[in-house]
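Read through the structure below, which is laid out as structure tokens, and then see the notes.
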Amino acid sequence: MKFINDAIKESEKREKPSSSSMNSEIDRELREIIENSRAKIYVVGTGGAGNNTVTRLSEIGVEGAETIAVNTDAQDLFYSVANRKLLIGKNVCGGLGAGGVPEVGEECAEESEDDIRRELEGADMVFVTCGLGGGTGTGSAPVISKLAKKAGALTIAVATMPFSAEGLKRRENAERGLEKLQSAADTVIVIPNDKLLEVAPNLPLNKAFMVADEILGRAVKGITELITKPGLVSLDFADVRSIMKGSGMAMIGMGEAESGDRALESVYEALNSPLLDLDISNARGALINISGSSDLTLQEAERIVEVVAEELDPDANIIWGAQIQDELQNVIRTTIVVAGVRSPYIYGAHGSAEKEFLEEKQREKDSVDESVLEEFIDGVF
């Protein structure tokens, strides 16, 4: 181990290059190459929830991405914070919003297709964030995703499903919108809002919406900065594309820990997250973002990856990155995006057949639960 200790001491003594070295011709040339080759990433937040996400990203910062707020409601758009803003459907809605009707939101996006194309020009990767169930986000997100994908960008939609408290109508709107979104984007990361209440059941609804916005923002920031921010283990755009291109549905799990065996605790928390409440054994692949302060070790990161790999098919493609964030102060944070999953929120191309299959599986489970309960009662009496 002596050679390792010697190497550490030498690295600590090593000085940064002088300013004259940094300003050399070769460094300027390298900097120019890096700037020109950097993936162009846009985060489009459409509708109320989408605008909240880009506003939150503007507050916490997302390195290497531009934010674009899109809305049919001029007032909501005015109060949003983003690098760029786009009011869609001026003739259809007149800046007054879509009235909670997805068909109106879709019509507004179609009216403004040329404007949307201009905003997305030259993008390598586009995130489209929205809350499903209302008018603008549900209606416009599939149109925006389709235009981004047609322009050649890797297109990742990140969408929330509504709380049950929002009513059956919004739920039905959300399910129809999700089906359209799946057809339009490369990957759709679904965040079921009801699952947030399993973590904090007594959370007031307004606070629950804020938590949903935070999770949307963290998901987008985590994936983006795996590409744009240098790390302990860095990824490039091609790495992320290999997982997310044409992957269909995806779910996300998050966990963090600071005491004991923090690496294992954080990954188990992420895998057991209510947001990732489904069988992932047949998933196509996983994207793992590991963050920690300067005491994060490569061994800890590798243990996290090994645990995730054990849960997936041996042929699944796993890409991971590790980043140092000093503000975490002894905390390890693990974010897992599992792509190519069968989601309970959409039934895919075979619709009713798959729905019947899932319902039959649930009936079998209920039957087993009832028989176990009967045995328990018989044993007691």
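Cβ coordinates come from backbone N, Cα and C, glycine included.
A quick note: this is a predicted structure, and the numbers were derived from the prediction, not measured.
Per Swiss-Prot, these features apply:
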BINDING   G48, A49, G50, N51, N52, G135, T136, G137, E166, R170, D213  GTP binding site
COMPBIAS  7-17  compositional bias 'Basic and acidic residues'
REGION    1-25  region 'Disordered'
Densest Cβ neighbourhood among G48, G50 (binding-site residues), 10 Å radius: G50
Which of N52, T136, all binding-site residues, has a Cβ with the fewest other Cβ atoms inside 10 Å: N52
Neighbour-count leader, CB within 10 A, binding-site residues: E166, D213: D213
